[in-house]
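Engineer: First the structure, then my questions, so here it is.
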Amino acid sequence: MTALSALIRRDIRIALRVGGGALIGVLFFLTVVVLMPFAVGPDLALLSRLGPAILWLGALLASLLTLDRLFMADHEDGSLDLITMSRTPLELACAAKALAHWLAAGLPLIVATPVLGLLLNLDMVATGAVALTLLAGTPALTFTGMIGAALAVTLHRGGLLMAVLVLPLSIPVLIFGVAASQAVIVGPMSFGAPFSILCALSLVSLVIGPFAAAASLRHGLD
């Protein structure tokens, strides 16, 4: 347990450094959301309807932007080999690294959502709903993206391959995240059904992601 907590703290410190990746994802998310009102124009009703989709799409793209560094930096400096050979099960190490990535790169997006919701003409209830769906759904983006990052870690131009692998897995999360948010804003669909599916997707990814990523790393590093 001590080794896993040390790994989480280490990855968070690395991610929060300049060039570590977390800041890049947050700045990209802010840029996407801030520019969208200028692209949509003065129609505030349209902007509020598109608001949840804009926030979710920004979060998805920001997540993809930072996931390629999840294992790449460790592979480059040799620490990934040490993690693989340590007594700690590789599946738990992968889960710890994904959790650290979410805390450093995913959680700040959720914290920024209430402020950015004002730019998209969302009221407090709608903004809270979007933040809640991001809290429930962004772990799925991280843990499914971890599989693609593990597959691409030993490949040339692996970032492009990771995006191709991860995007299809992320589409259901995007669909149900936006659907749950839209249910609060426009109805008449119930918020509970898509939100429950979104939570289920995150739970499934929490279980499958570490095992699939560990298997990919073992195969790629052999």
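In case you wondered, yes, glycine gets a Cβ from its N, Cα and C as well.
Residues or ranges marked as transmembrane segment in Swiss-Prot: 20-40, 44-64, 102-122, 134-154, 160-180, 195-215.
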Engineer: Same-chain Cβ contacts of the transmembrane segment (195-215) under 8 Å, 6 or more residues past its ends?
Structural biologist: 89-95, 98, 132-133, 136-137, 139-140, 143-144, 146-147, 149-150, 172-173, 176-177, 180
Engineer: Do any residues, 6 or more residues outside the transmembrane segment (134-154), come within under 8 Å Cβ-to-Cβ of it, and if so which ones?
Structural biologist: 55-56, 59-60, 63-64, 67-68, 70-72, 75, 80, 94-95, 97-98, 101-102, 105-106, 109-110, 113, 161-163, 165-166, 169-170, 173, 176-177, 195, 198-199, 201-202, 204-206, 208-210, 212-214, 216-217, 220-221
Engineer: What residues in the same chain, six or more past the boundaries of the transmembrane segment (44-64), come closer than 8 Å to it by Cβ-Cβ distance?
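Structural biologist: Sequence-distant neighbours of the transmembrane segment (44-64): 25-26, 28-29, 32-33, 36-37, 105-106, 109, 113, 116-117, 120-122, 126, 129-130, 133-134, 137-138, 141-142, 145, 162-163, 166-167, 170, 173-174, 177-178, 181-182, 185-186.
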